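As recorded in TrEMBL, the features of this protein are as follows:
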BINDING   B:CYS73, B:CYS76, B:CYS79, B:CYS129  [4Fe-4S] cluster 1 binding site
BINDING   B:CYS83, B:CYS119, B:CYS122, B:CYS125  [4Fe-4S] cluster 2 binding site
DOMAIN    B:64-93  domain '4Fe-4S ferredoxin-type'
DOMAIN    B:110-139  domain '4Fe-4S ferredoxin-type'
Amino acid sequence: MNGFMQWANETMFLWKALIILVIFAITLGIAAYSTWAERKVAGYIQDRSGPNRAGWGGLLQPLADAGKMFFKEDFIPAQADKWLFILGPCLSMLTALMSSAVVPFGDSFLIDGKTVTVQAIEINIGILYVFGVVSLGVYGVMIGGWASNNKFSLLGAIRAASQNISYELAMGMSIIAILMLSGSLSLRTIVEQQHGFLNWNVFYQPLGCLIFIVCAFAECNRTPFDLPECETELVGGYHTEYSSMKLGFYLFAEYINMFASSAVTACLFFGGYNYPFMDNVQAALNSGLGQTVGHNVGTAIGILVMFSKILFGIFFFMWVRWTVPRFRYDQLMNLGWKGLIPLAVVNMIITAVSMLSGYKLAIGMWVGLIVFVVILSVVWAMRPRKKAAILGA
Amino acid sequence: MQLTNRAKKTDKSELSLFERSYLPSLATGLGITIRHFFMKKPTIQYPEQKRYLGPVFRGHHILKRDEEGRERCTACGLCAVACPAEAISMVAQERKKGEEHLYREEKYAAVYEINMLRCIFCGLCEEACPKQAVYLRHDQFVPVFTEREDVIYGKDKLVEDPNNRYRRDAWTKEDAMKLWKNNA
């Protein structure tokens, strides 16, 4: 027992456990309220007012929805593979929840002279972990769709699988450019390198950021890439046969994925918990409140900044959902394979050249991008064109 | 051939490289949706807020009284005949001596019932009535009922309260238009 206490004291076991629990709870809470926010945003964009009856401004709506989900009949089709049918939503939920484990939500708290980082697990291969977990996520959809023993579900599952694989490539390649800049796979290191405002990766990697965001949409199966569950063609897609809380898990997993991908996007491109003039704020806090308290308050502000970035990311997901209509499947594949992957390669090359050129990195990146656009438009103007068909000929 | 000026010529020319990147149209679209996000919502929060339905709205039935407070209905049964849903039924009775202050003519409806499950609020009873006795109020709905017993509306619910007389806001088309304009 003594040994355990000592070990717990040394590793700050309790604080870590607390942070993990809090992050878990916040993830679930934000995901639950994303369902409310989605309907509210949808309403506002369509000039309606959205749910506003359950509680003030409809704030109890997620609870009502969850209650409804629980009391629905939990149906398993006779011809379905029972265990896989149950495993599908569980896997989806599990992988969705796991991906936020390595995201640094804030700098660190100083407690009893010890440093507790605001992050569930600090591993030096953070991005790799995120990618691994995210690509596992498609198994939930795939298994659920297949186990339903329904053609629509299977089609949805196949679409999900091929879509996720296609877009993971471009996503990975856009990340490689970031890794070249940072020289580290650790999300914390990447965030720390974006100190302040002008160091945010989005200013160095505008193209990479665009590719990453588009791919994040595809990975989360969100509109305009929500083909796996597209109602107009596939009834409900992979979750056609699901009901009750199993369906709830699938829908919930989607919102958790949105949260996680917003968090990762914020970390990789928008500076995580860094914000403009943070050094000045920190200095003022330190002189006003003393080193320890000042540092902790500064960290708290950083956490708030991080969460506002995440929430804006989630809002952006919704904003796009009610703006852009769904792609056709061939358009989706064209965009992924013929558009984003070549662009990601170009982005990598530009990054590499500007790093090796010896000029300031930001200048090199932007000059490289402009050169690329110029070359592309010249090639575009010179491309062989089909002769216009002459009417009546 | 051009019939109206509303037709828009679509631009079928080839897209430029910039346009083909989807980004400009995407930005325009996002701009439009965010503008709508901050727009004032036209929603009327129904049970709390009610909008004016106009002077010709057909709501709750009413059996009018005349200027001296006597019931106008003579139980002729024309409304029941006109009713396409056969919702109206009545029992006629002769007026006795001493009831002249209650009923306008020698015959009156002792029972006058409307089945609100059958009624379709078409207003044909109102049109059929030769004594200007039955009207559909423009300012009041038939309330929600949940019991079978509440479905039949008898004279207790239909006859006009002499202390709270019903007046229609507008009778002519011109008056109605004026009202609409004021309430819009």
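Each residue, glycine too, has its Cβ placed from N, Cα and C.
Keep in mind it's a predicted model, so treat the numbers as computed, not measured.
Under DSSP, B:CYS83 ([4Fe-4S] cluster 2 binding site) is assigned to coil, being neither helix nor strand in the three-state scheme. Counted within 10 Å of its Cβ, the other Cβ atoms near B:CYS129 ([4Fe-4S] cluster 1 binding site) come to 20, all protein chains included. Nearest Cα neighbour of B:CYS73 ([4Fe-4S] cluster 1 binding site) among the listed binding-site residues (B:CYS83, B:CYS122, B:CYS125): B:CYS125. Under the three-state DSSP scheme, B:CYS125 ([4Fe-4S] cluster 2 binding site) falls in the helix class. The list of residues near the domain '4Fe-4S ferredoxin-type' (B:110-139) in space but at least 6 beyond its ends in sequence, with Cβ under 8 angstroms from a Cβ of it, reads 53-64, 71-76, 78-93, 104, 145, 151-155, 158, 166, 168-169. Listed in sequence order, the residues B:CYS79, B:ALA82, B:PRO84, B:ALA85, B:ALA87, B:ILE88, B:ILE114, B:ILE120, B:PHE121, B:GLY123, B:LEU124 complete the 8 Å Cβ shell around the [4Fe-4S] cluster 2 site centroid, once B:CYS83, B:CYS119, B:CYS122, B:CYS125 themselves are left out. For the domain '4Fe-4S ferredoxin-type' (B:110-139), the model gives a mean pLDDT of 91. In this structure the alpha carbons, written CA, of B:CYS129 ([4Fe-4S] cluster 1 binding site) and B:CYS119 ([4Fe-4S] cluster 2 binding site) are 16 Å apart. Fewest other C-beta atoms within 10 Å: among the binding-site residues B:CYS73, B:CYS76, B:CYS79, that description fits B:CYS76. B:CYS73 ([4Fe-4S] cluster 1 binding site) falls within neither a helix nor a strand when secondary structure is assigned with DSSP, and so counts as coil.
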